[in-house]
Amino acid sequence: MNDKVRNNKAWWLILPMLLLVAFSAIIPLMTVVNYSVQDVFDAQTRYFTGTEWFVQMLNDPALQSALGRQFVFSLTILAIEVPLGIGIALLMPKKGWQASAVLILVTLPLLIPWNVVGSIWQIFTRGDIGLMGWSLRELGYSYNITRSPLDAWITIIIMDVWHWTPLIALLCYSGLRAIPEAYYQAARIDRASRWAIFRYIQLPKLTNVLVIGILLRFMHSFMIYAEPFVLTGGGPGSSTTFLSQALAIMATAQFDVGPSAAFSLIYFLIILLVSWVFYTAIMNMQKDKKERGA
Amino acid sequence: MSLILENVTHVVNGATHIDDITLELAPGSFNVLLGRTLAGKTTLMRLMAGLERPTRGRILMDGHDVTGISVRHRNVSMVYQQFINYPSLTVYENIASPLKLARVDKREIDRRVRETAEMLHIEHLLERYPLELSGGQQQRTAMGRALVKDADVILFDEPLVNLDYKLREEFREELRALFAARNCIAVYATTEPGEALALGGNAAVLHEGRLLQYGRTEDVYHRPRDILSAEMFSEPPINVVRGLVSGSEITFDRSVHFPLNDDLRTLIPGEYQFGVRASHLSLTPQADDDLELQVKVDLAEISGSETFLHVSNDLFHLVVHLAGVHEFEVDQRITVYFPTHKVYAFDRQGTVVHIPSRLAGV
Amino acid sequence: MAEIALKSLAHSYLATPGSPEDYAIREMTHVWQQGGAYALLGPSGCGKSTLLNIISGLLEPSSGEVLFDGQVVNALSPEHRNIAQVFQFPVVYDTMTVYDNLAFPLRNVGTSEDKVHERVLEVADVLELTPQLKRKAKNLSADEKQKVSMGRGLVRDDVSAILFDEPLTVIDPQLKWKLRRKLKEIHQRFNITMVYVTHDQLEASTFADKIAVMYEGQVVQFGTPRELFERPAHTFVGYFIGSPGMNLFDVRARDGEIVAGDTIIPLGRGIYDAVAKASSNNVKLGVRPEFVEVHVAPVEGGIEVTVDDIQDLGTYSILSLHLGDIALKARIDEDSPTPHNNAFIRFPDDRIGLYVDEFRVEIDHE
């Protein structure tokens with residue numbers, strides 16, 4: 001790096017951005033931190049509680065099981081969406097009008113708002129008028145997402161895969177397009193099999209976009225709210241109540257501001273922690289490769 | 001307009017990029033900065049332009065200290081290796097852009113743009129967009145932008161690297177003619193000694209951030225101050241052989257002897273490094289006192305009209321530059337004649353102590 | 001091992017080509033013999049990359065045939081042609097070691113590991129890659145990577161030809177000559193047909209025994225570097241080879257003399273007859289700057305010219321001269337006297353070329 005002519009005026013230029021971030025992120029966050037350490041009765045009456053809410057939240061069985069469900073859900077959809085997304089990207093045409101047409105078709109689900117996705121699938125799976133629900137019943141399977149937790153789970157997972165696999169596919173598609181044609185030509189001349197081309201040319205060049213894709217999908221799915229809320233309402237029982245919904249119930253329905261603030265913070269830290277662990281793990285893997293090579 | 005650098009040093013993160021350079025560029029002069037990659041050519045240009053501020057030292061333009069003044073307040077322009085133009089503007093608008101920024105009168109802009117375009121032979125391309133042009137035409141457009149605004153200093157950072165060699169030949173000749181008629185200081189960075197010679201003017205030889213030598217290009221070539229300067233300013237590199245002067249003869253690598261000729265008689269006994277240019281070695285004897293060397297061919301590099309012969313034996317590794325095309329097999333055994341009257345001598349520190357009188361130039 | 005032949009080959013990127021300009025490759029017949037070192041030289045856009053892709057099988061020609069050892073291979077894909085190719089930018093398998101990279105083409109066809117090991121070590125030794133065998137290919141320097149991609153072609157004993165597409169573009173100038181020597185060494189040792197595509201006369205003439213110069217979709221000359229220099233078969237070859245290129249100027253026959261502009265050029269009878277006989281108005285003489293005789297004082301048969309500029313290139317100079325309206329270049333070496341303002345030049349009969357409609361016409365010097 002070259003050092004430029006030094007000039008401190010530049011700091012003034014980022015001031016508006018700092019103010020904006022303060023209002024949009026830092027101040028609300030601080031309010032939550034503030035609530036999380038107090039017991040609020042009404043506008044005038046409040047007590048300092050220290051870490052009490054945090055301890056209570058971490059020991060709450062309902063939230064513990066929601067957290068467990070959340071991990072199972074996020075890992076399941078990643079395990080399905082990542083390979084599926086790569087597969088779709090590999091199959092997509094590379095040029096011509098077909099490429100544009102397929103690209104539009106594939107990305108269509110990404111354009112639908114979350115709660116609409118929930119509604120679509122809610123109707124789609126109804127036993128009386130929904131195409132899928134009706135068909136399954138006609139085939140003799142007693143499909144009912146309001147009674148069978150397994151049905152509900154499978155449906156939510158299929159819904160998420162349908163909605164978000166295109167994102168992974170899109171990222172991989174752009175990654176694949178960036179590979180110079182000479183690599184494929186060389187591989188053909190070396191008589192490499194289709195699998196070898198994938199393993200030694202395509203996959204290595206996809207690593208970077210996949211890191212971004214997996215991180216995005218993890219954070220996204222960890223905060224899932226609207227779709228299951230509309231589709232199953234978290235039921236049957238609490239079998240599909242994920243973290244954010246559990247939090248929403250506590251904060252809005254029961255109006256437990258203190259505990260839910262404490263829980264929000266715990267939630268936030270979990271996402272931050274998992275993302276960080278994941279990111280450093282992958283970065284270390286790449287660094288290792290370099291060091292071993294050097 | 002003169003440009004003076006006074007003891008300029010530039011350090012970035014502890015690494016010295018420019019090491020105590022003092023250089024005075026005369027008004028209207030054409031100056032070539034010659035050096036390998038990372039010799040400091042680009043950094044030196046950026047310092048001249050005001051894109052960087054030196055860690056130590058002063059920069060004077062026309063006697064005024066401009067060290068801390070940014071590029072926007074110095075009247076300089078720059079042409080880069082990459083063909084940098086505004087892709088959404090036509091060639092005309094591209095060339096006009098510096099004048100528009102300076103709020104020059106419209107009719108005046110028109111006159112100067114057309115004049116510049118004519119000078120660069122792109123007057124028929126004014127309505128086209130840069131991406132529709134060939135590489136050479138794109139670079140001409142970029143040069144047009146640099147030339148149109150009557151800058152005090154014009155900096156060229158290896159502008160011909162990305163063009164093929166036929167275009168390079170044309171450009172060099174045109175630049176020579178173009179700047180002969182202009183009044184500004186031109187500074188031109190290149191890695192190729194041949195290009196420096198073709199452009200003429202003055203040459204500054206740079207190496208690892210230091211200025212080795214500055215002077216008229218032919219003088220610097222013919223009268224190198226030291227062995228490093230001679231090596232940097234020769235392509236193929238000047239051949240260097242270690243030798244011992246004792247009494248009346250010279251011994252190369254302990255085994256090849258020859259008597260001191262009139263030219264070299266002034267050398268006091270001791271160890272020296274002798275330099276001989278690749279083009280002075282030959283395959284036929286040129287003079288009575290030529291030294292005969294038996295060697296084998298490592299490779300004959302042929303460049304259309306010239307041959308670069310890499311040869312070696314147990315003692316020497318030499319490059320011979322021959323005019324015309326000569327074909328050799330790898331490992332073929334041949335005799336090379338070494339002209340003892342065209343030899344430079346450098347002492348153990350590398351300082352030149354003898355320049356052959358016939359080559360001393362003008 | 002193979003002889004590569006092109007029979008009435010032509011290619012156009014248009015569906016229905018009309019004029020000759022529509023063709024990237026104009027109809028040509030050409031043979032590359034087994035074991036030869038060849039270069040395909042030309043400026044960008046001359047069709048040389050198209051031709052290379054046709055030979056390697058990445059592109060199917062619009063008409064004509066590609067034959068390997070007499071067999072038509074038009075319909076064969078690259079992997080079935082037993083051809084290796086080295087690209088402009090090094091192609092290596094990043095995640096593999098150098099060893100695995102070299103072993104890759106052999107393992108793909110199920111070669112036994114013993115045989116793989118033997119071949120890889122042999123090729124690594126020739127390419128001086130043995131110390132790097134365990135390193136990841138990703139961390140190599142550009143020249144090492146280029147050697148690895150070359151090595152992947154050399155490990156196969158069924159490879160009939162290696163094609164090089166400007167392989168030294170990204171190599172450091174100081175390392176280039178070593179790699180050029182390596183290429184020559186490999187050619188001599190492996191006895192494989194090699195075709196080297198480049199726009200650089202130095203690369204082509206150094207590597208190849210014979211060079212095909214391409215211009216506007218056709219091969220205008222196929223000859224040794226020396227032939228290209230001394231007897232260019234086309235004005236383009238004269239211009240493109242050598243720095244500076246050949247001097248070319250229009251001439252006509254008038255009253256028993258050869259005339260350029262208004263100046264009489266004293267030349268032999270043979271040349272005059274050939275000029276007078278020419279069937280076209282496009283008649284040019286060509287003489288290389290190296291062969292223009294320059295005198296400071298008047299000489300017999302010397303033509304007076306003005307000296308516009310002298311470029312001192314160290315051990316020789318290039319003079320820019322004017323003969324009437326005709327601009328000429330001449331090369332003189334440092335020991336010759338340097339003219340000022342004007343000079344007297346002569347063209348040696350045997351060094352001058354006659355070009356009718358841009359192609360060379362051989363002259364009978366009696």
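Yeah, the Cβs are placed from backbone N, Cα and C, and that goes for glycine too.
Note: TrEMBL annotation is automatic and uncurated.
So that you can see what the record holds, here are the features copied from TrEMBL:
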DOMAIN    A:67-278  domain 'ABC transmembrane type-1'
TRANSMEM  A:12-33  transmembrane segment
TRANSMEM  A:71-91  transmembrane segment
TRANSMEM  A:103-124  transmembrane segment
TRANSMEM  A:152-176  transmembrane segment
TRANSMEM  A:197-219  transmembrane segment
TRANSMEM  A:261-282  transmembrane segment
If you count every Cβ pair below 8 Å, which range out of A:103-124, A:152-176, A:261-282 shares the most with the transmembrane segment (A:12-33)?
A:261-282
Distant-in-sequence neighbours of the transmembrane segment (A:197-219), which means Cβ under 8 A and at least six residues beyond its ends:
74, 77-78, 81-82, 85-86, 90, 164, 167-168, 171-172, 174-176, 178-179, 183-184, 187, 271, 274-275, 278-279, 282, 286
Cβ under 8 Å, sequence separation of at least 6 from the ends of the transmembrane segment (A:152-176): give me the contacting residues as numbers and ranges.
73, 76-77, 80-82, 84-86, 88-90, 92, 103, 106-110, 112, 117-118, 121, 125, 145-146, 202, 205-206, 208-210, 212-213, 216-217, 220-221, 224, 227-228, 231-232, 235-236, 239-240
Near the transmembrane segment (A:103-124), which residues from the same chain, at least 6 beyond its ends, have a CB less than 8 A from one of its CBs?
88, 92, 130-133, 155, 159, 162-164, 166-167, 169-170, 173, 225-231
